[in-house]
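Beneath this line is the structure, given in C-alpha cells, with notes to follow.
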Amino acid sequence: MHALIQKITDTQHYTTSSSFSLTQISFITFQSVLEVILVSLSGFICAWSGKLPREAQKIISKINVDLLTPCLIFSKLAKNLSITKIIEIFVVPAFYALLISVSFMTGHLWSHIFGLDEDETGFVIGNCVFPNSNSLPVSLTLSLAYTLPGLLWDHIENDNRDKVASRGILYLLIFQQIDQMLRWSWGYNKLLRWREETVYPDRSILNLVRNHDTSTLSLDSSTCDIDSNVDSGANNTKLYRIWNTFKSNMNPPLCAIFSSIIVASIPILKNQFYVDDGFIQHTLSESISELGMISIPLILLVLGSNLYPSNETQSATHNYRKMIIASILGRMLTPWIIILPIVVYCCKTLPSVSILGDPIFMVCAFLLCTSPPAIQLTQITQLNEFFEAEMAGVLFWGYVVLTLPMTIITVISSMCAINWKA
C-alpha cells in the first residue's frame, strides 16, 4: 500500500475517472484488497504456528484500541477538520439508520425463508446489522483514496489525496462509534444471547434466585441500602449515574475524535500542531502520526489471527449451513442491492446537501453495505457461548471467500455511480 501510495504522490498527477477503464479500476481494487489479504494472512500464519495465541491477540487489540487507533484518528482528522465539515457530517448517522434498518429486515427475511428458530434468527440478525466498520473498510478506504481516480471533491478548495483519505476515515469512524454502542448493548444483551437467559440477564441475580434464603437476606439488605441512599441524596445518585453512563460510553477512539474537533476548531492549537513548523509539530504531532501508522497493519494482523479456528470452539448445530448462508446473504448482498439505488439517487438529486456530493462518501457507503460481519462479534459469541462454530463459519466465508470479489464489484459500482451523478 505504502509503495503504491508513494508512487502516486511522487508523480503529483491525479487522473480523472474518465481515462480509466473498468479493467484498470478492477486491477487497482484487486491490488488494494490483495495487500489487505496478504497482511491478514501473516496474522493467520502466526496464529497457526502458535506465535499469536488468543491472549496475545486480545493484548494487541487492546493496545490498538486504546493507543494506536486514537493516534491514527487524531493525526488524520485534526489536520483537515473544520467547523463546516463537522456540521456537514449529519448525513452519516442518517445513513447508519438506513443501513441498520434494511439489514434488520433482510436478516428477518432470510431467517424466515430458511425456517430458523428465535435464537438462530437473533444470530443471523446480529451478523446482518453489525458490519465490519473498522479494520477492513478503513484499510481499503486509505488504499483506494490514494489510488482510485475521480475522488477529488470540487466543493473542497485545493482538495488532494490526503484530504480525501481524512474525510473517508472521518465518515467511517462516526459510523463505527454508533455501531460500537449498539453492538455492545443491543447485540451483546439481546441478539447474540440465548433467549432462555433473558428472564435473568444478570448471572448474579440468577444465582440469588436459585438460593432463596440467601437471596431474601441479600435483597432485603440491598433494599435498605437503596432506601437510605435515596433519603440521603437522590440528586447526587442521579448525577453519579449520568456520569457513569457517559463514562461507560466514552472510549479512546471517541476521545480522539473530540480532541481532533477541539484542535481543529481553535486556530492557535491547530497552528501549533500542524502549521507553524515548530517544536510541538516536530515532537508531539510527529509522534502521534508515527503511532497512528502502526495501527492499520496491527489491525489486519489481528484480523487474520482471529480467522484461525480455535480448539475451544463449540461444535456446529444442525442448521449450521442455513445460518451461514442467511447471514452472508443478509449482510453482504441484499442490503447492497436495496441501498445502492437509494444512495445514488440522493447523491444525484441532492449533491449540495452536506457530504452527499463527496465521491469518497459514496465509496465508503458502498463498502459498508457489502462489508462482512464485524470480527468483534466473535468476542460476543465467545462471552455468551452462543453459536461459536457458526460464527467462525460466517467469518471464513465472509472474509476469505467473498471479500475480494465483492469489493471489486462494489468499487466498480461506486465508480460507475460517481460518473453517472457527475
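Placement of Cβ uses the backbone N, Cα and C atoms for every residue, glycine included.
Annotated features in TrEMBL:
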TRANSMEM  25-48  transmembrane segment
TRANSMEM  86-110  transmembrane segment
TRANSMEM  250-269  transmembrane segment
TRANSMEM  290-308  transmembrane segment
TRANSMEM  328-347  transmembrane segment
TRANSMEM  359-376  transmembrane segment
TRANSMEM  396-420  transmembrane segment
May I ask for the residues of the chain that lie six or more residues beyond the transmembrane segment (250-269) and have a Cβ under 8 Å from a Cβ within it?
65-67, 69-71, 73-74, 77-83, 86, 173-174, 176-177, 180
Selection from 86-110, 290-308, 328-347, 396-420, the stretch that has most Cβ pairs under 8 A to the transmembrane segment (25-48):
290-308
Restricting to CB pairs under 8 Å, which listed stretch, 290-308, 359-376, 396-420, is in contact most with the transmembrane segment (86-110)?
359-376
Determine which residues of the chain contact the transmembrane segment (328-347) at the Cβ level, with the cut-off under 8 Å and only residues 6 or more beyond its ends counted.
95, 98-99, 102-103, 106-107, 109-111, 124-125, 127-128, 131, 353, 356-357, 361-362, 365-366, 369-373, 394, 397-398, 402, 406, 410, 413, 417, 420-421
Residues of the parent chain within Cβ reach of the transmembrane segment (396-420), under 8 Å, 6 or more residues beyond its termini:
17-18, 20, 22, 25-26, 29-30, 32-34, 37, 40, 136, 140, 144, 148, 150-151, 303, 307, 324, 328, 331-332, 336, 340, 343-344, 347-348, 359, 362-363, 365-367, 369-370, 372-373
